[in-house]
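So that you can see what the record holds, here are the features copied from Swiss-Prot:
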type     : residues      : note
ACT_SITE : 175           : active site, proton acceptor
ACT_SITE : 294           : active site, proton acceptor
BINDING  : 201, 203, 204 : Mg(2+) binding site
MOD_RES  : 201           : N6-carboxylysine
MOD_RES  : 208           : phosphoserine
MOD_RES  : 330           : phosphothreonine
SITE     : 334           : site 'Transition state stabilizer'
């Protein structure tokens, strides 16, 4: 042993490895109002006790490392360390546990989702002592929430900008998603908007490819917006995807959209990254643009029940980072989505205060302290027969987005848009008259078909279409 090492040992530094639970498992800890709280689904390797696994998560996502280091003595671990303060079993899963971890607020940079996630969902997810790890929920304290701008505008400001109230908004993703020229793309946008939709949308992978450069697309879509507005007397929009290979290029595209006078742009927030998304959100607030968010890549992160991150966490992160709309599944369409879980994170997107409710997957009470809300977007494999269920599930503060369910109409895009608008108006009127959409939905649609040939044709085309597959990511305790 060198003299230097002997000196360190003689003043209290004890080298070596000790169990994480001796430092980071603190069941007596009382959480603070300023703590960020996390609920992890932990699957320990065989032979690893749940207390050690939970403590390892707390350590490796905060101040700990695999061995004792002498620099621990140069700071206050009690002030900065994460703490596993409670562990509970998962019903029906012998090898899984929910570990609750509290993080001191000083561990995180203000206004940075990037920094928060780098710690909480960083290297710890590759830790060998864990067979699997999933972040189920986060409690963001008001003290941290107040360091974020959040959505550029929010639900009420968007409705005021669009002058549209008392119903869900209607959208359509232009198909085929790739391969159209800019002029043909703009024509498809125009037909949908003049038929009665509020919005059309770039698909998430439409950026600036050889068949359609972004500037050309923006110009033809702006022409479609202005022409359809003049004909219908309604404010229209198209989600112009500003996502690009660099933040500088992304902002350049948003600037051009603003110069064209269009109301909304779009970003792929997971593939683009949280830093880019927050930058774009700030630009949109400063320049009066709404911001639509697509969640491409989310299922890589959130679909498996025992590893990754639940979408409710990604939804909370988006509300902090900023976006006025975000795709949130449909429950009834072609994409994965458990009903109760979906309703839970839809409330987390829209409401100012959400109580803990484990029956909907909400582990913590969340106070958003007046941070603007986000409109959930229902999109993916939906058509006119789904309209009653969508209206009942998502309510007025939502965007119902039909891609193939508009463009697949046998008579073309505009009649497809008419069919969706008629179906929506019929459902809203029936609901306002006190009818039960869950029970009478099909009857309501059939009645509307009698005076709308466009809706009748759509109903005939999609009458047999179902996406009846079991949900992979169910809430605990569901069969």
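Glycine is no exception: its Cβ is also placed from the backbone N, Cα and C atoms.
Quick caveat, the model's predicted, so the values are computed rather than measured.
Its Cβ placed at the centre, residue 208 (phosphoserine) has 17 other Cβ atoms within 10 Å. Between the candidate binding-site residues, 203, 204, the densest Cβ environment within 10 Å is the one around 204. All protein chains considered, the CB of residue 201 (Mg(2+) binding site) has 28 other CB atoms within 10 Å. Every protein chain considered, the tally of other Cβ atoms within 10 Å of the Cβ of the residue listed as 'phosphothreonine' stands at 26. By neighbour count, meaning other C-beta atoms within 10 Å, the densest spot among the active-site residues 175, 294 is 294. DSSP assigns residue 294 (active site, proton acceptor) to a strand segment in the three-state reduction.
DSSP gives residue 175 (active site, proton acceptor) a coil state; it is part of no helix or strand. Sitting within 8 Å of the Cβ centre of 201, 203, 204, and not among those site residues for Mg(2+), are the Cβ atoms of 173, 174, 177, 202, 205, 206, 239, 241, 266, 294. Note: the Cα of residue 203 (Mg(2+) binding site) and the Cα of residue 175 (active site, proton acceptor) are spaced 8 Å from each other. Nearest neighbour of residue 294 (active site, proton acceptor) by Cα distance, taken over the recorded positions 175, 201, 204, 208, 330: 204. When Cα-Cα distances from residue 201 (Mg(2+) binding site) are compared across the recorded positions 175, 208, 330, the shortest belongs to 175.
Cα distances from residue 175 (active site, proton acceptor) to the recorded positions 204, 208, 330 are smallest for 204. DSSP assigns residue 204 (Mg(2+) binding site) to coil in the three-state reduction, placing it in neither a helix nor a strand.
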